[in-house]
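Q: Sharing the features that TrEMBL gives for it:
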SIGNAL    1-19  signal peptide
DOMAIN    234-328  domain 'Ig-like'
REGION    332-367  region 'Disordered'
Amino acid sequence: MRPPLAVLALVTLLSPGLACPSPCSCSPKKNGRLLAECAYRELRDVPQGLSPNVTILTLSANLLGRLGRAALAEAPELQSLWLGYNHISAVEPGTFAVLPHLRNLDLSHNRLAEFPWQDLRNLSALQILKLSHNRLASLPAGALAGLQELRSLWLNDNALTTLASGAFEALPALAQLQLFHNPFNCSCKLAWLRQWAESTSVVLSRAGSTLCAAPARLRGRPVTAMPGALCVPPSAHLTYLSGPGDGLTLTLHCSVAGSPMPEIRWRIRTAGRRLDIDGPTTKAGRPRILAFKNGTVAVSDFGKEDEGTYTCLAVNEVGTREVSVNVALAGSGNPAEELPRDDPQAGHPHPAGSGHGCTKSEEPDAPSMGDKLVIVYHMPREARSGTGAPEFCLGILLL
């Protein structure tokens, strides 16, 4: 007796000689797809012996605890992989990278605290990604880059406190996003999400349940309703100060504003030094260059080796603003002669640097300074010739 045609067709799909794993049931689907149904089998590992023709693999509601790199290597044609409602707490990097045709990946209701985000770089066809009901605490910057076909992303019911700025902007096909039931810290690092939600066509499911858990004043408020006035980009205003002291002391003051109040950092670049100062310094650690809490930096015994660019950086959660000044020590009657040769306006000094001794009227008021202001400390001819006590006066060149 000849076998029924349906049986022959199934045998053909399972060829060459790769049987369906014993815990599973396999059946042909439309468009030549082969379904391997392995759900509710109390499996602790991915069953071995999967046919390379399998395009749909259901492993939901089992006891899987870990996915090794080779767990799915037998089924490179997979398009749908359902792993929800297991006990998965670890996925070895590279596990999903061998599935370039994958369109649907469900890892919801597991115990993942980390995810091999780098595997997504090889999943350009992915359309649905379900990571809800896990323990994920972060979504790294660029983790979703390259997922041009991703339409639905489920990240709800995790431990996310913040999200990298622009995390969803590189997803042109995204239509649905679920972020609710995460303990978001609604600091200014998350302010971009409110702005993005207002401008995007993506449906933010249950936006009213996407709430702030911190700070206390915003607890319970929807993330999309964060007050915009709480987050203001930093601004910086740089001025010079002059004062008595042994030798010549360069003193710059940086005034900053923004919300939250920006931190002040300094970047000093000279011919022989690259120095970054991230906060107040101590005299013992850096005796000639001191940075103070109020935004002032002082360089005592300023000499030729200290000439260069001094930059104040104002940094807060919203962004960074920097303002710089170039400082040079003149050693001749015309301070412009010793300015850097790439200065296009070096031949036009301010009258305050004319070199006829230091008088009170020549000391300029503390002006604001921008990226194109050059301060020139000038030693008069009389002081250099030894005819009088060493004096210094301050000249300014505006570029």
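Cβ atoms here come from the backbone N, Cα and C positions, even for glycine.
Any TrEMBL annotation is an automated prediction that lacks curation.
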Q: Return the average pLDDT for the domain 'Ig-like' (234-328) as a whole number.
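A: Reported value for the domain 'Ig-like' (234-328) is a mean pLDDT of 85.
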Q: DSSP-wise, what's the residue breakdown of the domain 'Ig-like' (234-328) into helix, strand and coil?
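A: The domain 'Ig-like' (234-328) comes out at 3 helix, 55 strand, 37 coil.
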